[in-house]
Amino acid sequence: MSMKYLMLLFAAMIIRSFADSGNAIETTLPEITNATTDIPAIRLCGPEGDGYCLHGDCIHARDIDGMYCRCSHGYTGIRCQHVVLVDYQRSEKPNTTTSYIPSPGIVLVLVGIIMCCLLSVYRFTRRTKLPIQDMVVP
């Protein structure tokens, strides 16, 4: 991957975060500029990009000739044409029924380990006699 492509992806993520927060207006989006010129490296597409992205915003990069899409939540693809599967979206939020299932299993394993330890201590103390017990005469 070239450095310019990585910069394009990073800038698209920054622009997306501003747009998702509801604070961004097209004229107030941050512009990443090259040190030698004042032409923005990434800008929103003009009228030529209308309808290019099916479910998202069109971005035009100066260094990479072409239009790219910044997809809305729930969509993916080159032109944001694919819907993200429901199972994938569900996996972002923990499901309450599946998050409590491991709890009884963990408790049972811990109880089993404690019982094994107590049983081994009991057997060990039963087999060995302390010297004090030999000295006591009935």
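Cβ coordinates are placed from backbone N, Cα and C, and glycine is handled just like the others.
The disulfide bond recorded by Swiss-Prot for Cys53 joins it to Cys69 [selected from Cys45, Cys69].
Mean model confidence of the domain 'EGF-like' (41-81) amounts to 84 (pLDDT, 0 to 100 scale). A 10 Å cutoff on Cβ-Cβ distances gives Cys45 (disulfide bond) a total of 16 other Cβ atoms nearby, all chains included. Taking Cβ-Cβ distances under 8 Å and a sequence gap of 6 or more within the same chain, the neighbours of Cys71 (disulfide bond) are Cys53, His55, Gly56, Gly77, Cys80.
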